[in-house]
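Student: Sharing a structure, written as structure tokens. Questions coming.
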Amino acid sequence: MSHRNTSLVRFRTLGIVCGPTPVFVNSLGSNGFFTAVAPLERSFQLFNVENLHLIFLSKEIPSKEQISCVYAHNEFTFAAAGTKIFIYKRADSYASARDNQDEARIFKLLVLGDLVIAAVSDNTVRIWNWATKEFVKTISFEPHFVVTTFIHPSTYVNKILVASADGRLQLWNFASLTMIYEFPSLSSPILTLAQSPAIDVIAIGTQDGRILLKDIKTNVPIKQFYQESQSPVTAISFRSDDDSPVPMMASGGADGSVFIWDLEKNVLVVRVAAGEGDAHGEAVHTAQFLSGQPVLVTASGDNSIKEWIFDNDNGHPRLWKSRSGHRDPPNRIRFVGPDPTTIISSGSDGSLRKYSTIQDQRNLEFSRKNAESKKFSAVTLDGRPNPIIHFDACESGVNDWDDIITVEANSHLVKTWRLKRGAIGKHQLAVTDKTPAKVRFISPCGNFVFVGSAKGGIDMYNIQSGHLKGTFPTARGHSKAIVGLAADSLSEKLVSASLDGTVKIWGIKKRSLLETITFSVPVSGMTFHKESNIAAVACDDLCVRIIDIEVGKVVREFWGHRNRILDMSLSPDSRWLLTSGLEGNIKLWDIPSSTLIGSLRVDPATSVSFSVDGNYIATSHVNNRGVVLWANTTLFDISSSAIPVDLRVPEEEDDDLMNTGRDDSLTLNEEDDPNNELIRLSSLPLSRVQLLLNLESIQKRRKPAEKLQKPDNVPFFLGALGSTSGDTSFKAASFDFVEANTDVSKRLIMDFNDSTADWHVEYLDTLLQLSPSALDLEIRSFGPSDFEPFLDILLQNSSNLSNYEFVQCVLSIFLEAHGSDLILETGKHVQKKLNQVKDSVAASWRVLEDLFHANLAVLEHLRT
């Protein structure tokens, strides 16, 4: 694996609710507080069943294996991965258990008192004592009896009922390791077992869609049901509340359907079919009635948990609450509006979703249930909405009209949405040339929509009324599909990019062509920064080019990607460019210096986006249903970042990682500047200098206003909320943390003398290596006898214009700390040195001032 440090470190993942592993519903206490433990790949989430709010997210388990099953017992959670069981008390790791087998995998857990019983893929059932963390015993089965699941029948002490893939059942006493009875085969693999409210009666679900209620005490079949289309039975549960008019049973199918059965009349009450209404889109692996309540909790591998309430007289359930994410990996994400915490995402599953980076309860899916929009709601052959391939949102915030537009695959209609209502809007905007729409753009004012077509046409609509305002001329327009549209901050110029290899600049008011920039290769994408009027275009030669729209020229070229560029995003200050490639690299470029800051080797990122305040970066990936947040560590006192292993995939070493299209080997030698007329900056980062200048205020701000006190009677889940920074959706072995070197230096004892010819150079180099606090202490520790030698050092470096910003910073701190002592100092040598330093600083400033004036004159000339 190859990687390089960047200024990004993974923060958390949004939009992951549950995976393909069954969810466990547990009751805590006697007040009806239910929790749902949803296992993810290497961690688990705990939801409050009452409102489906996220209580906490656990830390990642210390294992390379993914979590295969979970079980909740009181306040403990048991998570199995490989042959190891990890035990958590709330969100904190409590213990672990395992035996010496390394190749098998645990796929079913059951906790009885101090015993943990696990079904393992090597066709055994193993038992641990989790209180003493000791392995107890193993139950082995014959080769033809392949264990699929097991259950502990109610009131059967030390007994488990084990099911096999050939349809047989065996009742075992795990205390004596003896088989009590074997039931005849059902001629179909048994997938699930459930205890009914009646003693001795077990529900058996099979691969061929049968549900058999059997009395295991007498081995007598009681009732039998068949799921429609012979859908395999994946989950079974019984209703137990007193308000139920008839005894009911719920079952889940492998196609995502939920079946409700009347056990008194032996009939199917209703089927919530897959692909219809609010049903699941994949196999229902969890179906559980809440004890004493008319509420059914279901979960599926389609990344959703749903609660159904039975409050109708006909016994039909209705969707009560739900938590869900994208069914398929999102293909486009963007931070929208002035709120830096809001992300909009779209996916090939046809859904449009909003995520909050600070509060999980604000996440929602945009509703399509709008009576006015039903006439143009399009679905695919399987009943799912058409995939959304592109969208744009108004940057000015929440308007009193529709402010989001989406483009669907192979459709010439563009739909409008309302962010404030979280629902589809009133209009559909048609492409005038009747070809599929490719991209769209909302003007910065939020009043106009520009739509680009597959034929190269550009239409302009008023988003409030939905009326066509005009079409840009095709005679001088693009000849192939539009791949990018953007407008400047005053909505005077429109920039369009096309597969025909051109970028065109239009006047919006007259819809006239102003300028054309032609490339020798097709343009595949574009992003635009309206404040600085620069556009970044991705070309098919794997180069990203920066265009200054004011002058209509390419000003930067960035080379380094090895496959098609998928997406780009500019930082709010337009200094950074983020690009993602199909080869799996996310690259961060510094535009002014034309350099590559860093690169992350990850699963291919289909979309990337800077937050509006620059604090976070969001990415979506081909194999991930969530939205990954990365923190911008340049805003913190961190010298390096940890790059997660789980996003990386193997690749050969990136030889051209730093290839940016320019020569970076330029160095400054003495021969190049014989008269010392050029200003040389130190190698310190700007944040180091700023921290040093503001050290006093920072230290003052960091002092606590009052002594912190631990509050009394804190609810158990509040202490775990801080753990939500863990990721849950990537295949990772571990994190690679790179710790910063924070050497705390004491006061330097420097003998100011000229015994060494280069003593001033050595001392300045030592100062450059000190931390801000140590350097501040060194300067403030000077005595009157140190003033003159120190001024000599500053004078020499200010006269030859080396380490310019560092010398100015140190001089500022020196004068602030010892200004009063310098005024009282009567020595002629010190006063002379001060005057020399003053003249040298003034001379160096005149050099900078001349450069500033020259640059301002050039910019003014270009502008006019």
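Using the three backbone atoms N, Cα and C, a Cβ is placed for every residue, glycine included.
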Student: According to TrEMBL, which of these ranges is region 'Disordered': 353-372, 653-672?
Tutor: 653-672
Student: When the pLDDT values for the repeat 'WD' (475-516) are averaged, what is the result?
Tutor: 93
Student: Just to be sure I understand, if DSSP states are collapsed into helix, strand and coil, how many residues of the repeat 'WD' (277-308) fall in each?
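Tutor: Split into helix, strand and coil, the repeat 'WD' (277-308) gives 0 helix, 17 strand, 15 coil.
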Student: For the repeat 'WD' (226-271), what does DSSP give as the number of helix, strand and coil residues?
Tutor: 3 helix, 23 strand, 20 coil
